[in-house]
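Listed features, source TrEMBL:
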type	residues	note
COMPBIAS	256-277	compositional bias 'Low complexity'
DOMAIN	34-221	domain 'NodB homology'
DOMAIN	284-328	domain 'LysM'
DOMAIN	356-400	domain 'LysM'
DOMAIN	409-455	domain 'LysM'
REGION	256-280	region 'Disordered'
SIGNAL	1-17	signal peptide
Ligand SMILES: [Zn+2]
């Protein structure tokens, strides 16, 4: 009784979909049930037709997790033709968000745009709304996953094996990576990750990975096939190009949205017009640490008393669970987490202090985390001796030791992040801070997409 009441309140006054529930990310899929899904992210891009042809030649299938406006515009004529050819040949079309966004850092309204603008493009180009979505960077949390599933009906998938082509892996490493699956005996299910936009990813394909797998007895199927489910939420006639086929500019969700919200949630929203203030947007999402209270978080971000609970109505302010994603509302001072006190060390040894705690995502390795935080090789394992560096489970809290540049959050810029002021406002920092935390070559008037930048110290 009380729980359902709480849920009603949370759904009505907050941007949160439901109270945070401490459980595994069981609604996020990261492997096939059977066979092999060789998947491609970040397209459509220049090698798209050749990738499709490589799979066609061996009667195999692949899956494309595509963006609307990332490395190229999905509505470009060459892209439209390439996507239609892939779809017509039976390859799976799936969502990777409109602009390759960090979904956990967006408000629900922003998530809606990232998903719906791309759904609309796929509907126009091939006549489908994809059921599958892969979050860029594998960046997903409980709140975001629940929202995307409930609001948009998507099935969220990550991957079981990363070729490493987007994180510095060479063509030869990608070739070796796929050869190993061709030689695997007995064969197990896999869902692999390569990138249409990565030279080592597509050059490995040109070098024959698809044929090698096929000859090795690997059955190449789509993600939907290896999970025995339907790839699409909607299938209808495709349409002809008109003035709505554009990237850039502004876009608003259609008024006649095909939303999948349940009637109960609609009725709760309308029945709670007595709630005082509209739901706040979040300038960022903070992952709670042991000992956090609403007051301590408000102190960290320079926020007014009461503002954390107002933005996260599901919280018990005196008993916040570790790793709870918390909406940080606007209005704070710009000094975010610079004065974090070191966590106390155990008495059993000279454990290092942590400048911050990072929550692992699928695909993380010690080397990748060290790269992101600009730490010396070996330092993550030294500070987290329990880790298996090559098999880090998602959601593992990881101590970030001192010794790096002091950066506690690195991002990769997305479309729209063209200026320092745009990026600074998105992360609630100043332009001066952004410049101070990043290399001197950063041109604040012309920031490129996919530039790694530090946005928090
Ligand atoms: Zn991506």
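Any Cβ shown, glycine's included, is placed from N, Cα and C.
In the predicted model, the domain 'NodB homology' (34-221) has a mean pLDDT of 96. The stretch in closest packing with the domain 'LysM' (284-328), judged by the count of Cβ pairs under 8 Å and taken from 34-221, 356-400, 409-455, is 34-221. For the domain 'LysM' (284-328), the DSSP counts in helix, strand and coil order read 13 helix, 8 strand, 24 coil.
Across the range of the domain 'LysM' (356-400), the DSSP-based residue counts are 13 helix, 8 strand, 24 coil.
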